[in-house]
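Quick one: the structure is below, questions incoming.
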C-alpha cells in the first residue's frame with residue numbers, strides 16, 4: 001500500500017471505528033440487557049467465561065465458536081487491565097467483541113478488493129477505500145456489529161479464508177474455514193467455494209488451451225448461448241472424468257477436502273447440521289429463497305443493477321430469447337407453487353423487518369408471489385450480467401454455492417444473505433464514482449433509519465413488561 005493510500009485507509013478505518021464506538025455507546029445505554037437471540041448467546045458465553053465448558057443451552061443451534069473466541073479475547077484483556085466482577089463478561093463487553101470483528105472485516109474487505117481487482121489499473125486508491133467503507137457499512141451486517149450475534153465473527157473468518165485462498169495459502173484458508181464453520185455450520189459452503197475457486201481456475205486454463213488448439217476463440221467469447229453451455233458442460237464432464245485431472249485437483253484442494261469430510265462426520269454423529277433446537281430449523285427445498293435473495297441484492301445494489309441501461313438491455317434480451325424466458329417463467333411458477341414455505345417465526349415475530357415485508361407484500365393476495373416473477377427474472381438477469389467478467393466456471397461454482405446456502409433455509413431471514421451478497425459485491429467490476437457515492441449514501445440512510453427505529457420506536461407486547469425493538 002502506497003503512503004497516500006495508507007493514510008487514506010487509516011483515516012477511513014479510524015473514522016468508521018469512532019462512529020461505531022459512539023453508536024455502540026448509545027445502544028448499550030438504551031439496551032443494557034440481552035435482547036432477542038442475545039438471551040441465549042450471552043448466558044452461554046458467561047458460562048464459558050466461568051470455566052463451565054460442559055454447560056450448553058439446548059436452544060442454541062450453532063457451534064461454540066463465538067463463545068470460545070470471546071473468552072479468548074476477554075480473559076486476557078481482563079487479566080491485563082485488572083478487570084474483575086461482572087464487567088468481565090457483561091453483555092456490553094461481549095458485544096464489544098463484535099466491534100473488533102467489524103474492524104477486522106473492514107481491513108479484510110479492503111485486501112479482498114485489492115486482490116480481486118489488482119489487474120484493473122483504472123481503479124484508484126480512493127475508489128478502493130470508498131468501496132471498502134460502503135461494504136463495511138452494509139446495513140444487515142453493520143446492525144449486528146452492536147449486538148452479541150454470530151454474524152460479524154462468521155463473516156470475518158469466512159472472508160479471511162477467502163483471502164488466503166486467493167493468495168494460494170490453502171492450508172491456512174481451510175483452517176480459517178474451520179473457524180467460520182465453528183461460528184455457523186452453513187459456512188462449510190464457503191469452504192467449498194474456496195476449493196471451487198481453485199478448481200474453476202484450473203478449468204478455465206484447460207478450456208482456454210482447448211480453444212487455442214481449435215483456433216476457435218468465438219466459442220469462449222460468446223457467453224450465454226445454449227450451444228455454448230452444452231459445449232462447456234461436455235468439457236466439464238470430460239475434464240472431471242480424467243483420473244490425471246482428478247489427482248491434480250485433489251492435490252491442490254486436499255485441505256478443503258479434509259474439512260468437508262470433517263463436516264460430514266459431524267453431521268453423521270450429530271444427526272443433522274443443526275446443534276440444539278432442530279424443531280425450528282428444519283432443512284427443506286425452499287427454492288423461492290433464491291428469488292428473495294436476488295430481490296434483496298437488487299435493493300441493496302440498485303445503483304449497479306437497477307439502471308436505465310440495464311433495463312434496456314434486459315428488454316432486448318427478452319426480445320432476442322423469448323423461448324428461454326418463457327421456459328424460465330414456467331419453471332419459476334412451478335417452484336413458487338410447490339416449494340414456498342412460511343416459517344412460524346416469520347408470521348409471529350413482529351420485531352423483524354421480514355415480518356412486515358411478508359405481511360405488506362406477500363400476504364396482500366395469494367397471487368402476489370406469482371406476480372413478482374418478472375421482478376425475479378429481471379433481478380436474476382441483472383445479477384448474472386454484472387458477473388460476466390468472471391469465467392463461466394467461476395459463475396457456475398458461485399451459483400451452486402448460492403443455491404446450497406439459501407435454498408435449504410425454511411425461514412426468510414436477511415442475515416442468511418450477508419455472505420453471498422458480500423462475495424457477489426466483491427467480485428463485480430468497480431462501478432463509477434457516482435454509483436459508489438450513491439450506494440454509500442443509501443447505506444448511511446438505511447443504517448440511520450434502522451438505528452433510529454431500534455432506539456426510539458419501542459413497543460410492548462400484551463401481557464409482557466419487556467421493551468421490544470424493531471430490527472433486521
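We count from 1, first residue shown onward.
Cβ atoms are placed via backbone N, Cα and C, with glycine included.
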From 60-81, 192-213, which range did TrEMBL mark with transmembrane segment?
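Per TrEMBL, the stretch marked transmembrane segment is 60-81.
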Counting Cβ pairs closer than 8 Å, which of 93-114, 126-149, 327-347, 367-384, 391-408 has the most of them with the transmembrane segment (60-81)?
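Selected stretch: 93-114, with the most Cβ pairs under 8 Å.
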Cβ under 8 Å, sequence separation of at least 6 from the ends of the transmembrane segment (327-347): give me the contacting residues as numbers and ranges.
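Result: 280, 284-288, 291, 354-355, 358, 369-370, 373, 376-377, 410-412.
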Mind pulling out the one from 155-183, 289-306, 367-384 with the most Cβ pairs under 8 angstroms to the transmembrane segment (391-408)?
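Per the Cβ count, the answer is 289-306.
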Could you give the residue numbers and ranges of same-chain residues that sit at least 6 residues beyond the transmembrane segment (246-269) on either side and whose C-beta is under 8 angstroms from one of its C-beta atoms?
170-171, 173-175, 177-178, 181, 185, 188, 191-192, 194-195, 198-199, 202, 240
Counting Cβ pairs under 8 Å to the transmembrane segment (6-27), which of 155-183, 289-306, 367-384, 437-455 comes out on top?
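By the under-8 Å Cβ criterion, the transmembrane segment (6-27) pairs most with 437-455.
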Give residue numbers and ranges for long-range contacts of the transmembrane segment (126-149): same chain, 6 or more residues beyond its ends, CB-CB under 8 A.
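Contacts with the transmembrane segment (126-149): 5, 8-9, 12, 16, 20, 23-24, 27, 34-38, 41-42, 45, 66, 91, 94-95, 97-99, 101-102, 105-106, 109-110, 113-114, 117, 155, 300, 414-415, 417-418, 421-422, 425-426, 430, 433, 436-437, 439-440, 443-444, 446-447, 450-451, 454, 471-472.
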